[in-house]
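Q: Among the features that TrEMBL reports, transmembrane segment is placed at 9-32, 126-147, 154-174, 186-203, 208-226, 246-267, 571-594, 614-634, 641-659. Residues or ranges marked as domain 'MIR' in TrEMBL: 296-359, 370-427, 431-491.
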Amino acid sequence: MLGFLKRPIVLTTDINVNVVVLTGVGLLSRLWRLTYPRAVVFDEVYYGQYISFYMKRVFFLDDSGPPFGHMLLALGGYLGGFDGNFVWNRIGAEYSSNVPVWSLRLLPALAGAFSVPMAYQIVSELHFSHCAAMGAALLMLIENALITQSRLMLLESVLIFFNLLAVLSFLKFSNCQKHSPFCLSWWFWLALTGVSCSCAVGIKYMGVFTYLLVLSVAAVHAWHLIGDRTLSNVCVFCHLLARAVALLVVPAVLYVLFFYVHLILLYRSGPHDQIMSSAFQASLEGGLSRITQGQPLEVAFGSQVTLKNVFGKPLPCWLHSHQNTYPMIYENGRGSSHQQQVTCYPFKDVNNWWIIKDPGRHQLVVSSPPRPVRHGDVVQLVHGMTTRFLNTHDVAAPLTPHSQEVSCYVDYNISMPAQNLWRLEIVNRESDTDVWKTILSEVRFVHVNTSAILKLSGAHLPDWGFRQLEVVGEKLPRGYHGSTAWNVEEHRYGQSQEQKERELELHSPTQVDFSRNLSFMARFSELQWRMLTLRSDDSEHKYSSTPLEWVTLDTNIAYWLHPRSSAQIHLLGNVVIWASGGLATAVYTLLFLWYLLRRRRQICDLPEDAWQRWVLAGAVCAGGWAVNYLPFFLMEKTLFLYHYLPALSFQILLLPVVLQHVNDHLCRSQLQRNLLSALVVAWCSSACHVSNALRPLTYGDKELSPDELKALRWKNSWDILIRKH
């Protein structure tokens, strides 16, 4: 029974020395002098700000993608003891002593280093030769743009890492499927595929392209599985269920989890608060929550409120009025009512306060007990500082002539009676008897006389309107839109009937009675929507480029220039690798179509196993390049060369695959194979030579003379090869 104690326990394992060596060389190339330059390099100026926000627990919003990538960078700062105290306002600014540059750049560098052995393993899992796998890894190792991008506090190398990990995990899972389905390693690789896909999407939305690629390949495999008559119905169902859970449910849960951690960490008010709704802002510590915490929940007749537009575009703003009136005649010759202006003002101001009045009563205070305002009630909105009533009539708005002008009524004793009754509609009500609630309720004001809806047009008024935003009465509303919805942000129960006392009351802080919280799912939904709909500044950048310029390498980016010498860092690709990758993609496409046409004619140039291997390699490598490149032609945003790097990594995997295929199936004689080998050796030599020649611009650690700089200009990359030969 205890016989196992009589001899030692021995564990054996297989170690692939190639993977170990490639990992070591990859680490050396990415980690060598990682803290140089000790200055802000290009987009580190943006990512550094987000890291500081994490360190200080301050909320921020970035429309470039979900927060997982930012949290990984912040983890490096946390482990390095960074306190977040650094002003990220200028590219080239030297880091202070409290900034742990090495730990901040460590994670992208590790991701770039581990991508090298992963390239080797992916080609091996596609059942190509050791030489082809080594070729893919070496190309990944020496490609200058990949080296540059992975040595800085940027996210592209991390995205590439998880893209490749997702593909590698699925290939290993697929190979396990052929030998031992439902074994431990089968479950491990399937689960890791889902986790990797979720991480890729969680870093940048670009990761969804690779996720869709993996889902497509998995769907084809599942379709073949369904047609396998050797499997029982129960077995097929278990296969499909396992794939659905691992590739759909797990990524979705992890994606939500990223935001959960993000919102748990960032609980303080920050500079991006105004983009969010009042309810979201009130859920953060400080900022609006200090003002709104404990306000009365139910809006009553006599309540004093500020009304914020829900849409928040082009700027978050509040319903506002002041004593100035609309000009009698506009610049285009149209006339106005000459009534008091009503606008939307993007700043906190005492003129943003309004009193909710019962049309049947004269008092402007809350009764005891308060009478809450409900959905469908007719109200009057009285401007707090001028006591004039919100009004609209059949007069064209100043900048939106198809809509009605909105004003505060001034009685000029002419034939223009006041039309100041508004019916309240609670948009997000649960029943028709819902009470109007502070912050939580989104409401519309429908004009009783004309049925026009109070709306933010978004246009900026001229100088006579102080460049504030126009508010109009929309005559023909086309369904619900955020520009017609308003919510109460600040709220107090009015106590003063006299105007002078009321003005003092409006200037005083709001009362504090109780607080309220917004649920995580509500915050997650709003944050997700803001990220997807927020449009960043799409103005042209000095180094912006088009997708066509990426393929031809007709662009570069100057990342950093030494302030006192000629040392500099450029994002610059290895022209030999980029040109060869493009050629390999074209060759694969032509060969695939040729084989496909001939197979349609019942002519099989390749054995079935070689054909299946060729198709799978194309789906993974050529497909990975296509899904990570072609969508950029449809994007209306400022694009840079580094957006091409995920596609390039797949193209690098395709290159040795095509070379091996040509050698194995198209070279008919030994002479042709020898000639191809000689060409490959010359090509490898050229790629290494260009990589070494561009090294000063990749690492930026060498001062260059004017002649050397001219020789290394990216448009002269081919000259490097010409001089060599």
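Every residue, even glycine, has its Cβ placed from backbone N, Cα and C.
The model shown is predicted, which means the values in this text are computed figures rather than measured ones.
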Q: Please count the residues of the domain 'MIR' (296-359) that DSSP assigns to helix (H, G, I), strand (E, B) and coil.
A: 3 helix, 30 strand, 31 coil
Q: Give the mean pLDDT for the domain 'MIR' (296-359) on the 0 to 100 scale.
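A: Mean model confidence (pLDDT) across the domain 'MIR' (296-359) is 91.
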Q: What are the DSSP helix/strand/coil residue counts across the domain 'MIR' (431-491)?
A: 6 helix, 27 strand, 28 coil
Q: Quick one: do the transmembrane segment (208-226) and the transmembrane segment (614-634) reach 3+ CB pairs under 8 Å, ignoring pairs fewer than 6 apart in sequence?
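A: Yes, the transmembrane segment (208-226) and the transmembrane segment (614-634) are in contact.
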Q: Can you work out which residues elsewhere in the same chain, 6+ from the ends of the transmembrane segment (126-147), have a Cβ less than 8 Å from its Cβ atoms?
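A: Those are 18, 22, 25-26, 29-30, 112, 115-117, 119-120, 157, 160, 171, 571-574, 577, 613, 616-617, 620, 641-642, 645, 648-649, 652-653, 655-657, 659-660, 684, 687-688, 690-691, 694-695, 697-699, in sequence order.
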Q: Among 246-267, 571-594, 641-659, which stretch has the highest count of C-beta pairs below 8 Å with the transmembrane segment (186-203)?
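A: The listed stretch sharing the most Cβ pairs with the transmembrane segment (186-203) is 246-267.
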